[in-house]
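Below is one structure; the comments refer to it alone.
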């Protein structure tokens with residue numbers, strides 16, 4: 001007889017083998033849906049679409065869905081469906097068996113193409129996407145305005161002459177360009193429901209797209225309003241146009257609802273994302289302990305669910321109500337979930353009002369000399385991070401950090417050390433860490449990766465540290481500075497104020513289910529309102545409702561759908577809290593003790609330089625000769641000037657797509673990280 005455990009294991013193996021096929025199917029489905037959605041935007045300005053769509057809306061009016069249901073299904077649902085499929089794809093991608101992939105020619109497009117202080121660091125893919133979007137805007141404007149000029153039927157009730165009519169139509173069509181920007185405006189700043197993760201783009205990188213779209217939208221909207229008011233002023237009709245009149249309301253009613261459904265997906269996903277983030281950050285957890293470094297920085301240790309796994313370079317958002325009830329601050333997670341199953345750490349540098357208050361609070365507790373200090377409740381949102389460990393696929397890693405920008409690299413180095421000890425995956429054979437600090441005491445932030453610096457017994461892995469102290473001319477050796485790590489003080493806090501740990505986000509499958517359920521509820525509610533108030537039979541026997549009533553019905557449908565999705569999320573969180581409450585009571589988190597420091601000959605391999613910044617040109621020239629790897633991953637985290645310098649060197653050293661014999665030459669792949677937002 002085959003045991004149930006054996007059968008379960010067999011089915012699990014079959015499912016894992018089917019994951020690559022399912023990923024291909026989902027990827028093709030997303031490409032088809034996205035292509036259809038883009039085609040819709042391209043066809044929307046044409047006369048053919050306008051004529052066909054009017055007939056479709058008239059036929060839909062007699063159905064249970066009405067024209068509102070048709071508009072939602074065609075204009076809004078494709079992008080929502082794309083998000084649902086994308087979340088399922090991300091969940092399967094996380095379970096896919098990992099294998100080290102060779103560098104593909106397409107990776108060259110993700111390297112910097114434009115580097116300057118005005119637009120920042122822009123890759124070839126981003127430049128291509130911007131050009132395509134500009135072409136789309138030009139196509140939309142040209143098609144609309146050419147159709148308007150061909151008809152040449154000035155608005156009679158305003159008595160416009162030819163130049164006024166043309167200017168008025170230009171203003172109207174500029175408003176449609178603002179609508180296109182608004183439709184995409186909120187998508188880049190989604191966190192829990194971030195659909196840009198499908199493309200491997202994290203929240204901190206996609207924020208600039210939000211800025212670009214917002215700037216373009218404001219520009220088009222300003223031109224739209226300025227030209228429109230100018231024409232109204234010329235005709236002395238500003239007061240008449242500002243006050244609602246039945247003619248304009250009736251003629252623009254259906255068109256305005258189409259505009260609503262075009263921008264609805266972004267607003268819908270953003271509202272859901274915001275509410276899910278609020279639920280996810282409840283209830284509050286607490287700070288287990290804090291470690292005070294000599295460089296005015298503290299490391300906070302938070303409890304977490306042992307089942308919570310996150311990738312290195314992840315970011316969390318924290319709110320401490322005793323400091324501020326409204327402010328949320330982002331911090332890069334400095335620990336690895338593979339190494340620390342029950343805790344999660346962040347390092348906070350004392351550089352602002354909020355961080356100074358936190359530092360003073362910890363210092364006050366440290367000065368009280370009590371065995372266990374008062375409990376500090378803290379709300380945690382996240383962690384948000386990449387879905388895969390991309391840094392493991394490189395032959396060598398060059399890590400460049402400035403100041404507190406070292407924190408993402410601490411999690412990377414801990415993860416590399418864990419993978420090396422487990423022997424399950426290949427790791428980069430050579431890692432060089434360039435750490436630029438103002439004072440030599442800042443090196444104490446490396447305390448968590450000290451074992452990796454001291455114990456390098458493996459011939460297949462080598463980590464080299466180069467420290468550059470910019471504001472000191474002479475100083476101690478690496479060994480003397482490491483001995484200063486003993487000055488790190490630890491304070492343990494009471495945990496009686498809460499029994500909860502950090503749970504993290506819901507799985508991508510649950511995200512997909514919540515989005516799908518909420519969108520279906522919106523459509524159902526819309527159909528019910530359509531039958532109750534807007535059905536053609538009832539409309540024939542009653543006076544027509546003003547547009548404000550229809551607007552109110554849309555808002556009510558939206559609110560009901562969001563509340564239904566929020567209710568499902570609350571139930572899921574409550575169930576997880578019940579389970580976690582039992583786990584916390586049975587298995588409390590261990591307290592963190594100060595590390596024991598040991599001297600080692602490996603310290604002599606590392607370098608420290610005083611009185612200047614690193615010559616990055618020399619570093620990039622020497623690193624391939626020292627490592628011998630052809631595929632080098634360059635990760636940088638620090639000031640914008642440092643990022644731009646490293647990006648320029650990656651651009652210069654890795655120009656073009658290398659094929660054949662050229663592929664053996666060193667290729668530097670640039671990655672920019674953020675320690676906060």
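Every residue, even glycine, has its Cβ placed from backbone N, Cα and C.
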TrEMBL annotation (transmembrane segment) - matching range among 437-460, 461-484, 485-508, 509-532: 509-532
Listed range which TrEMBL flags as transmembrane segment, given the options 170-190, 233-253, 254-274: 170-190
Stated TrEMBL location of transmembrane segment, expressed as one of 145-166, 211-232: 211-232
Residue numbers, six or more beyond the limits of the transmembrane segment (552-572), whose CB comes under 8 Å of its CB atoms: 68, 257, 260, 268, 271-272, 275-276, 279, 506, 510, 513-515, 517-519, 521-522, 525-526, 529, 533-534
Among 72-92, 113-142, 509-532, stretch most in contact with the transmembrane segment (21-43) (C-beta, under 8 angstroms): 72-92
Within the predicted model, mean pLDDT of the domain 'FAD-binding FR-type' (271-390): 87
Residues from the same chain, set at least six apart from the ends of the transmembrane segment (509-532), whose C-beta lies under 8 A from its own: 64-66, 68-69, 72-73, 77, 80, 83-85, 87-88, 91, 192-193, 268-269, 272, 276, 553-554, 556-558, 560-562, 564-565, 568-569, 572
Counts of helix, strand and coil residues, the domain 'FAD-binding FR-type' (271-390), according to DSSP: 26 helix, 41 strand, 53 coil
